[in-house]
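Here Swiss-Prot flags 1-33 as signal peptide, drawing on sequence analysis. Annotated N-linked glycosylation site per Swiss-Prot: Asn118, Asn156, Asn281, Asn469, in sequence order. The region 'Disordered' annotation in Swiss-Prot covers 266-319. Marked as disulfide bond by Swiss-Prot: Cys376-Cys443, Cys405-Cys475, Cys409-Cys477.
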Amino acid sequence: MAHVPARTSPGPGPQLLLLLLPLFLLLLRDVAGSHRAPAWSALPAAADGLQGDRDLQRHPGDAAATLGPSAQDMVAVHMHRLYEKYSRQGARPGGGNTVRSFRARLEVVDQKAVYFFNLTSMQDSEMILTATFHFYSEPPRWPRALEVLCKPRAKNASGRPLPLGPPTRQHLLFRSLSQNTATQGLLRGAMALAPPPRGLWQAKDISPIVKAARRDGELLLSAQLDSEERDPGVPRPSPYAPYILVYANDLAISEPNSVAVTLQRYDPFPAGDPEPRAAPNNSADPRVRRAAQATGPLQDNELPGLDERPPRAHAQHFHKHQLWPSPFRALKPRPGRKDRRKKGQEVFMAASQVLDFDEKTMQKARRKQWDEPRVCSRRYLKVDFADIGWNEWIISPKSFDAYYCAGACEFPMPKIVRPSNHATIQSIVRAVGIIPGIPEPCCVPDKMNSLGVLFLDENRNVVLKVYPNMSVDTCACR
């Protein structure tokens, strides 16, 4: 008896596979696009920016969960791009001279992810021009292709499925809080956002919100991004921390000594002893009175006089106030006659090397001084912020070319020094010599350039300020 093979059920026809293939390709494209890195041109993608999101999902009940450092670095990257832009173009940021960034702190309030911003570091002299809120917008959890296949749809009376509604919208809520309350505060604004097809960075203008909050003295803002797609009770914050940029015009930046007021964190010469804080001229110690008089010529452009104190008195005076340790070493036992004979030649050779080194240094300094023009001109000066102790909070630049003006303004003054009419008359009167004691005009900066500085404020927020009159362009006799 012949064996008849069992008949198997036919597989899916090739026509059905051809019909489903475009749909699956569309589904794969939407799913891949939902996990794409940020597409905003101003900020590069961060490879490990999801670490904070994973930590929050692992511990959803944490009331003070914060995002990882890579998510917060997006603020530093954006501010550095602004610094490079305005340093290269020489323009003013947003029509002003200050850009402040404020990082977000993530907290879970009532099972919702809320971002808090502390704007209290803004100065009273800073007039707000614009404020922008930068956030990473995620795609919807149900892409359109997947929503067609998997999401249940309502049906009409005849049993046919109803058409899909518009994509789910997100709501961005802003509230202001006072420092004396723990509630969510007053609702300052709300925005409806359409979810993008893929994750990208967006920026929204919140100038009225920030200005109103500052006017009312409520500089603690909260931002909350809600979506109807989110499951209740499961906070799903953005994998990248949002931040706020405030463009302002600092009216006090042109005041005298403004760069030291904003950038100097401490006194470079701290007084540990209360004695220097008293009026030196009223002190009974004559050495203190002479020290106070020695600082006068620095303020009246006169040459300082010689101090009659011996060097040892200088050292004892400064050592008393602990400005620096005493330069004098302890006396060693006097060596014997034989030891002095052995070391005599070595001491002579060492002294000769020091004298040769000093002579070479002096010759080099003299040649450099001879090469420089004696007339008033711009001289080179490079300032390194590490030398003055400001490198701990200044991000960029590390150093800059400040230049300075030096040289003579003698009669007759050439046109290259651009003398003013008053300087010309003063030089003539000095040359004639009728009125004694008239000094020659001074070599001072004529045109100066501004400098953008990127630094950290007291709250560790990145700030960009454009300081005027930081670098000498030309010099003149005045």
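Glycine is no exception: its Cβ is also placed from the backbone N, Cα and C atoms.
Sequence features annotated in Swiss-Prot and their locations in the structure.
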{"residue": "Asn118", "record": "N-linked glycosylation site", "Cβ neighbours (10 Å)": "16"}
{"residue": "Cys376", "record": "disulfide bond", "Cβ neighbours (10 Å)": "26"}
{"residue": "Cys405", "record": "disulfide bond", "Cβ neighbours (10 Å)": "21"}
{"residue": "Cys409", "record": "disulfide bond", "Cβ neighbours (10 Å)": "25"}
{"residue": "Cys443", "record": "disulfide bond", "Cβ neighbours (10 Å)": "22"}
{"residue": "Asn469", "record": "N-linked glycosylation site", "Cβ neighbours (10 Å)": "14"}
{"residue": "Cys475", "record": "disulfide bond", "Cβ neighbours (10 Å)": "25"}
{"residue": "Cys477", "record": "disulfide bond", "Cβ neighbours (10 Å)": "28"}
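A gap of 6 Å separates the Cα atoms of Cys376 (disulfide bond) and Cys409 (disulfide bond). In sequence order, the recorded positions near Cys409 (disulfide bond) (Cα within 10 Å of its Cα) are Cys443, drawn from Asn118, Cys443, Asn469, Cys475. Within 10 Å (C-alpha to C-alpha) of Cys475 (disulfide bond) lie the following recorded positions from Asn118, Cys443, Asn469: Cys443. Secondary structure from DSSP puts Cys443 (disulfide bond) in a beta strand.
Within 10 Å of Cys443 (disulfide bond), judged by CA to CA distance, lie the following recorded positions from the set Asn118, Cys405, Asn469, Cys477: Cys405, Cys477.
Spacing of Cys477 (disulfide bond) relative to Asn118 (N-linked glycosylation site) is 49 Å (Cα to Cα, whole number). The two recorded residues Cys405 (disulfide bond) and Asn469 (N-linked glycosylation site) have their Cα atoms spaced 13 Å from each other. Secondary structure at Cys477 (disulfide bond), as computed by DSSP, is strand.
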